[in-house]
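Taken from TrEMBL as is:
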DOMAIN    29-78  domain 'Sulfatase N-terminal'
DOMAIN    84-290  domain 'Sulfatase N-terminal'
Amino acid sequence: METTNTSYQITLHNRIQIVSKIPYYNFKGWNDVGFHGNVEISTPNIDALAYSGVILNNYYVQPLCSPSRGALLSGIKEYTPTFRGFDSHYGYWTGRLDYYNHRLVYNNTLGGYDFRKNMDVEYAGVGKYATDLFTEEGVKIINEHNPSVPLFLYLPHLATHVGNEDDPLQAPIEVVQRFSHIKDEKRRIFAAMLWKLDESIGKVVEALKDNDMLKDSIIIFSTDNGGSAGGLENSAGSNWPLKGTKISMWEGGIRGSAFVWSPLIKNPGRVSKQMMHITDWLPTLYSAIGEMSSLPLWME
């Protein structure tokens, strides 16, 4: 999770808050959210924003998370985020880790504790579910922020990415029990992971509202690749009816689930079929804050 309080000369609105909820839902497939017709997993907060915003139905990303996130932040087609334009960092540096002990174990060859607050190792969250930790930090940042100053909050959750190889899918047992109607155990745990993610979005939106920031917010929801449906990473996402999964160049690997929500949108509550790529977000957001003149010529 990264934040920046960089001050802009905003012409469209004097205090636009950009909340980037970008996976940035890892491993979530095309068919894993209600706004694409899924009735198996409840995602009410995600769906409420999607239906009252603009659903992007012709939206493309990279087939892997790292190049997608790099493309998002740089606007360029395909180590540490602190001091790269952000004021703070909270989370992990690698691509995967255990949801509770926050350690990385990969093929018994690479291991270690990987959770940080800025440049310091953060042990305070050991034993607490990662999605809850990120949510609490995001809400804390919003609560402590001066609403008269613009905020960019980049909240790329660990969910619904797999954890370590010996225990790839992890969620609180009481949430898993909500999905007893799902017979496949992996899919049932995956559903609980997604439910916690949806809960997080609800809490962040509520914090924005409580702090009188929601009316000036632009909220982006995006996956960074298609869902992983078994195989190498042993997850349980669904890309139906698209062919392929994460890592592939088929539609199931590169066609992302996305929407943008904001009270500033003139014609909300619609589905856009206009083609968009993840690299388009940076110039789009520059335009929204009235800073297109600051963009390099090649990006305009």
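Yeah, the Cβs are placed from backbone N, Cα and C, and that goes for glycine too.
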On average, residues of the domain 'Sulfatase N-terminal' (84-290) score a pLDDT of 88
Per DSSP, the domain 'Sulfatase N-terminal' (29-78) contains 21 helix, 5 strand, 24 coil
